[in-house]
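Per TrEMBL, these features apply:
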ACT_SITE  TYR160  active site
ACT_SITE  ASP201  active site, proton donor/acceptor
ACT_SITE  HIS330  active site, proton acceptor
BINDING   ASN7, GLU37, ASP201, ASN203, ASP329, HIS330  Mg(2+) binding site
COMPBIAS  383-396  compositional bias 'Low complexity'
DOMAIN    498-546  domain 'GRF-type'
SITE      ASN203  site 'Transition state stabilizer'
SITE      ASP272  site 'Important for catalytic activity'
SITE      HIS330  site 'Interaction with DNA substrate'
Amino acid sequence: MKIVTYNINGLRPRVAQYGSLLRLLNSLDADIICFQETKITRQDLSADLSMAEGYEAFVSCCRSSSKTRGGYSGVATFCRVTSAFSSQEVALPVTAEEGFTGLLEGPKISDKQLPEFSIEVPLKIEGFEEDITKEEILKLDCEGRCVITDHGHFVLFNIYGPRADAEDKERIRFKLLFFKILQKRWEVLLNLGKRVVVVGDFNIAPFAIDRCDADADFEKNMFRKWLRSLLRNSGGCFYDVFRSKHPERQGAYTCFSQHIGAEEFNYGSRIDHILIAGPCIHEDHEVEEHSIFDCHVTHCDIVTEFKRGSSDTLSKWNGGRRTKLEGSDHIPVYVKLTDIPNLPVHSTPALAVRYLPEVRGWQQSIVSFLRKSQSLQQKEDASNLSSETSCELSSSQENQGCTTGINQEKKEFFAKRKSLHPIKDTKRAKGSSSSQLTIKSFFKRPGEEPSFSSDQIFSDEVDVCNSQDMICSKEKGNAATLEWQRIQERMKTSLPLCKGHREPCVARSVKKGGNIGRLFYVCARAQGPATNPEANCNHFQWASYKSKDKK
């Protein structure tokens, strides 16, 4: 069995990058795929983003009403199965739960498999001066940061740990409480003899070896101390699977800053982890002598081929903070387990995406739309057939000849229009009710001639003029683009040179503080280790300017 964790930095752009959700999932070639930072809300859920043939999905989306966090975070666990509704496969979970506090509405992993997890409130937690309220605990699950799936032989946590800046006291408190409550959930399961697998983006690098150019005080951070306290070499229950398999590997990073081109020189940090704890599955061994890590974990590594820096055409950073590189700013991590027996036949849990009303409603609305369109088309065909028949019966030979002449003029006009300007125009003259296209016009039979009114002919003449204006505007736009490119070239020659490489710097501006808006210049190269002379030389220079007060 192969489990992959991957912060995809937006599910929608990754699906677009690969062409479909199925191609994205297949590219990871795993039985269980855990995504973080999906950046989709429940309202955004649709079949193309959450359902793929051969996979069952379990998601948690951000429920926060905050403008700064709406559509933010989000996790999704995709399980590869051969039979969706009933299976013996371990990849298909027995039960699933959104969140980890037990306070969210919905299915819980608390039926016959596990006892209900409950938190008595108000709660006293070490590191917090005041008691923790129920409302504060509930907020931990409102940002869509955890999905739990019980696979019988182990319970899998897919988590996206909060980020907290040093000066943001509120988020620091949120992050600390998030991990403290999670730890309580893990302890309950382990005390019951369960096996726990935790994967995801923790937003924590535990050791100095896990961060490029870590300073002397790096490991003193409270969150790094907390994470290390969970590990076996510090008296905890969990194995950091990657570091346990590769204890001395240097430069093993999973996250790279987009704003400094960090991937180009492998200037990153290892914050995406796989933790595992609990006894082995073998019934003929004592728990104290054997663990799931020792007996069942065979491989664990970072999937470096997903690094954007693997291709020169994508990785070259041009010094601009707005540079867009294809792909996520994280790299997947995988673990392989062996000797995991099948489970008794079980059904897909109720939390699966296929059962969510948002996705079911989306599918039903599409089906009903197609049915309505088909019914409407049939009615229109019948109505048009009746009107055409009555028209033929009442028309005189003289009127037929007149109509034929007009239609011939229309054909000649549009043949000439098509030769001059083959662009298909859909605009119609304003104020003309007859100029609007009907649904029937999109379902014309092959060889059937369209019918036009005199207003439509006039409006098409206007469209020809408008199209010519568009061509002129496009030519002007191209000229403006070329002029701007020439200006940029001249600007490059006027930029100061960095001291380390004697290359043109890039201009920046201060975003906050007393010098807000003031320009400065920095080295244009990507950030890298201090020992690498090819990386950014840390050149900094204020731009000279004249004060407005001076005359």
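Keep in mind that glycine also has a Cβ here, set from the backbone N, Cα and C atoms.
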Around the Mg(2+) site formed by ASN7, GLU37, ASP201, ASN203, ASP329, HIS330, list the extra residues of the same chain whose Cβ is within 8 Å of the site's Cβ centroid.
ASN9, GLN36, TYR160, CYS255, ILE271, ASP272, SER328
For the recorded positions GLU37, ASP201, ASP272, ASP329, which one has its C-beta crowded by the most other C-beta atoms within 10 angstroms?
ASP201
Tell me the Cβ neighbour count for TYR160 (active site), meaning other Cβ atoms within 10 Å of its Cβ, over all protein chains shown.
26
